[in-house]
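*Asks:* Marked as active site, proton acceptor by TrEMBL: Lys156, Lys254. TrEMBL lists Asp180, Glu206, Asp232 with the feature Mg(2+) binding site. Look at TrEMBL and you will find 137-228 tagged as domain 'Mandelate racemase/muconate lactonizing enzyme C-terminal'.
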Amino acid sequence: MKLNLHAIRLPLRDPFTISRGTIIHQDSLVVALEHDGITGFGEVTANDYYGHTISAMSEALDGLSADDLAMCFEATPENNWHRLSERLAGDMFSLSALDMASHDWHARNSGATLWHHWGLTWNPELQSSFTIGIDSVQEMRRKLDADSGWDLYKIKLGTDHDLEIIHQLRQCTEATFRVDANCAWSAQQTIDYSKELRHLGVQFIEQPLPRSADPADKQRVFEESSLPIIADEDCQTEADLETCFQFFHGINVKLCKCGGLTPARKMLTEAKHREKLTMVGCMVESAVGISGAAQLAPLLDFADLDGANLIADSPTRGVEVQCGRLHMPASLGTGAELVPTALPQFLIQ
């Protein structure tokens, strides 16, 4: 029974900018949970915005007792989640990686892919978007041209010329756009922009207002926007669902924020029950994290699982997203793997 932690630094293909800042690499923690000759993998990335560092998450996971680890194998991830949440003092980021690894281990142990282990039916029609980060219009056009062939693009916005960006990018492709303002707009901006964006082939707007915005503004946007509004920063854990159902047309669930696959499944199932749009997103992360999140495809209306496509190189393999299509490896669990020979050059010393 082992818990191995691999802190890795992933180089990006291009600098990646959203309304809050720019990164040129992504630090990530890959969790390997091993027992009876079977290894389950999970991943979580460092995140300055939410205050999670590789060192702090490593320390939290290293602090688990032998009994805590034993329960990862003796109990189902669903039955063990609250216990682990208490042991990790509510650290959803660390918990998400361990929960993913536990689900992966149990599915491999049962001889099935994870989605099949859950009793779900695969959705072959689901496609992921490809993200174009904020940059000069010329550079954003170059990035779009460099990854042509996708049917869906998520365009990061939050500049003083957002509509111009969409007008310019629309000249490059007939693909469907989704826009993500990452909390950068006001209520009036959102309502005004939504009308023009709809005519420019935009499918929905993700998180236009800050999480801290006045509820009256959120209600107004919900009622008056010409496009569906999808919650991201507002949708962190199960506790946020009722607020999201009131002010948004759908939710974007991120595993690291909610605490892993266990709560993510519950959140998505409840959203579908409430007739809300469902989506799973990702951070810039390796194939380990993407492979875990991809298991939720049967529950989704939308997917944003291009995180590994934004990376130049990685010591991992698993689910591949090619021009939006999810290609599952012929292996058990989530399909994620570490490549031992490649790992040393990515390790954070």
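Easy rule for this one: first residue shown is 1, then count along the chain.
Keep in mind that glycine also has a Cβ here, set from the backbone N, Cα and C atoms.
Surface or core, plus neighbours and distances: that's what I need for these features.
*Replies:* Lys156 (active site, proton acceptor) falls within a strand when secondary structure is assigned with DSSP.
Around Lys254 (active site, proton acceptor), a 10 Å sphere centred on its CB holds 22 further CB atoms from the protein chains shown.
Using a 10 Å radius centred on the Cβ of Asp180 (Mg(2+) binding site) and all shown protein chains, the other Cβ atoms total 26. Under the three-state DSSP scheme, Asp180 (Mg(2+) binding site) falls in the strand class.
In the predicted structure, the domain 'Mandelate racemase/muconate lactonizing enzyme C-terminal' (137-228) carries a mean pLDDT of 98.
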*Asks:* Using Cβ atoms only, which residues of the same chain lie under 8 Å from Lys156 (active site, proton acceptor) while being at least 6 residues apart in sequence?
*Replies:* Thr17, Ile18, Ser19, Thr131, Ile132, Gly133, Ile134, Val179, Asp180, Asn182
*Asks:* Using Cβ atoms only, which residues of the same chain lie under 8 Å from Glu206 (Mg(2+) binding site) while being at least 6 residues apart in sequence?
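*Replies:* The list for Glu206 (Mg(2+) binding site) reads Lys154, Arg178, Val179, Asp180, Ala181, Asn182, Ile229, Ile230, Asp232, Asn252, given in order along the sequence.
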*Asks:* Name them in sequence order: residues not among Asp180, Glu206, Asp232 whose Cβ is within 8 Å of the mean position of the Cβ atoms defining the Mg(2+) site.
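*Replies:* Near the Mg(2+) site, beyond Asp180, Glu206, Asp232, sit Lys154, Arg178, Val179, Ala181, Asn182, Ile205, Gln207, Ile230, Glu233, Asn252, Gly281.
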